[in-house]
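Shown next, in structure tokens, is the structure this report addresses.
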Amino acid sequence: MQRIGMVANLEKPRVRETALDIINYLESRNVRVLISTRKAAALGCPEKGVAEEEVIAAEGLLALGGDGTLLRAARLVAPAGTPILGINLGHLGFLTEIELTELYPALDKLLAGAYRIEERMMLRGTVQRPEKALTCTALNDIVVTKGAFSRMLRLEVYIDTAYLDTYPADGLIVSSPTGSTAYSLSAGGPLVSPQLQVMILTPICPHTLYTRPLVVPGEQEIRVCVHAPGAEVMLTVDGQQGLHLRDGDVIRVTRARTPARLIRLQDNTFYSLVREKLKEGGSRQDDENPAATVNPETDSKYPHSHPGSTG
């Protein structure tokens, strides 16, 4: 790779320092690092800024932060097919590929082409209104949920043209296999291998005893009709983007045309990640004297503690 894009969550500890060091490390190997004009200015190197379109069109993209940063990156570059390498400076790091301690060997592998691409199904959501249709894409999930002080919703659900049920519930989660380890899991949904092309429909606090999550083939469409006069209803995308819904809105969720493409440098399987990451339950504690990774170019050291955030 000769042109590598970078996105970074600069709100996280150590991200700014790490980003600047990565830039120096890659440039010393004749690799051009592409950063948006806004991010470059925030990093203190405005001369390196380029249009976002150039970042998207890079040969690969580094996502520095946590799982939330990778989710944003996936929505940004998936239509262009740009592969993403997630570098975890967050907390759990279920989606990211490497920890900070593995950074420089991982960059060397990337430049040597010693990696594979793993495709992850994404979701496309459309909110159908008389005046226009609003669209979104998600890697994890598209969620319809009530506001803090709203009564329960009545959500009429169809699979293609077949009526499924009307759910009296606090909301519904439509997740991808990747999102099956996120909000859907917390709401009682199943773990689903990311190799499958399916959607998972998981009700949130249903007001019936028989309602259970449902797995739907990826080639079908899930249609949700909102019946909630006077209630506050929200649609959220990967827990990061939101839209106020109206009574009578129709939400259509299908498999997106293009998948997210994740760079994999290691042999970890989904099943080993489930065992290792979910077993931690987000409760990993920092060591008293955390190990550090060393940049062979600068001898600068970065402790690999894990702050409690997923962005």
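Each residue's number is its place along the chain shown, starting with 1.
Glycine residues also receive a Cβ, built from the backbone N, Cα and C atoms like all the rest.
Since this is a predicted model, take the numbers as computed values, not measurements.
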*asked:* The NAD(+) site in Swiss-Prot lists Asp67, Gly68, Arg72, Asn140, Asp141, Arg151, Asp170, Thr181, Ala182, Tyr183, Ser184, Leu185, Ser186. Which one of Gln2, Gln220, Gln240 belongs there according to the record?
replied: Gln240
*Measure from the CA atom of Asp67 (active site, proton acceptor) to the CA atom of Asp170 (NAD(+) binding site) and give the result in Å, rounded to a whole number.*
26
*Distance between Ser186 (NAD(+) binding site) and Asp67 (active site, proton acceptor) at the Cα atoms, whole Å?*
16
*Pick from Arg72, Ala182, Ser184, Ser186: which of these binding-site residues has the biggest number of other Cβ atoms within 10 Å of its Cβ?*
Ser184
